[in-house]
Amino acid sequence: MWPKILLRGGRVAAGLCPALGPRLAARFPPQRTPENRLAPQRNLHATAARALPLIPIVVEQTGRGERAYDIYSRLLRERIVCVMGPIDDSVASLVIAQLLFLQSESNKKPIHMYINSPGGVVTSGLAIYDTMQYILNPICTWCVGQAASMGSLLLAAGTPGMRHSLPNSRIMIHQPSGGARGQATDIAIQAEEIMKLKKQLYSIYAKHTKQSLQVIESAMERDRYMSPMEAQEFGILDKVLVHPPQDGEDEPELVQKEPGEPTAVEPAPASA
């Protein structure tokens, strides 16, 4: 069986899934699998388990009368895709479908992806990542709230120069984790697979941050939390915004570094 490899702090609760229609927003009870016990309680950015909130409905006046959209479908018309909550196969399926649909409409117009996620299943996140790299559209990523674990990888995977964060967001990177059960041979097979995924994730972060593999390995050895400014210096994002462009302005207002604020110290390479 293919092992479900998660990044720590991944599947901690049922979250709000981006929906193409109101019927797609459903409550998924937590499954009693070993993965649900992997999320450490010390994770400050874990999403509390709760019932899904109601999805707002937007009513528009058209020449043929009123037309109602759920809020995510209305945002999709503006080429906005939301990645909210833990990333699993169902969230990945919805996000991939939206990306492919927007490319079919136009492969030149940018797509805006808003991320507020504690992370999740590695293979689900990589499915979204591969689709982002596959389509021809420029993808503008935005971190609102948090982009932890696989969420930070999707944030970094945006088009260079178009990766953004709001000023009070948090970004976190770390190595993958997983649970293995069964016979010793089965555990060894799954351990080998997670080590391969670890190297694969390191190379992806190195590609998009322009950091060396040695720096990436040292930074991701344990949970590494960053402010947006620190993530910008590390190479995960490009701009920290206060608000979008106003009328008559060409550029949005950027967060400027405070005088005397210490720079992010790069982790020293681990010595043998």
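Placement of Cβ uses the backbone N, Cα and C atoms for every residue, glycine included.
So that you can see what the record holds, here are the features copied from Swiss-Prot:
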ACT_SITE  Ser149  active site, nucleophile
ACT_SITE  His174  active site
MOD_RES   Lys196  N6-succinyllysine
MOD_RES   Lys207  N6-acetyllysine
REGION    240-272  region 'Disordered'
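Positions of the features from Swiss-Prot, shown on the structure.
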{"residue": "Ser149", "record": "active site, nucleophile", "Cβ within 10 Å": "30"}
{"residue": "His174", "record": "active site", "Cβ within 10 Å": "20"}
{"residue": "Lys196", "record": "N6-succinyllysine", "Cβ within 10 Å": "11"}
{"residue": "Lys207", "record": "N6-acetyllysine", "Cβ within 10 Å": "12"}
### Message
Tell me the Cα distance separating the residue listed as 'active site, nucleophile' from the residue listed as 'active site', rounded to the nearest angstrom.
### Response
6
### Query
How many Å lie between the Cα of the residue listed as 'active site, nucleophile' and the Cα of the residue listed as 'N6-succinyllysine'?
17
### Query
So, in DSSP terms, is Lys196 (N6-succinyllysine) helix, strand, or coil?
helix
### Query
According to DSSP, which kind of secondary structure is Ser149 (active site, nucleophile) found in, if we only use helix, strand and coil?
coil
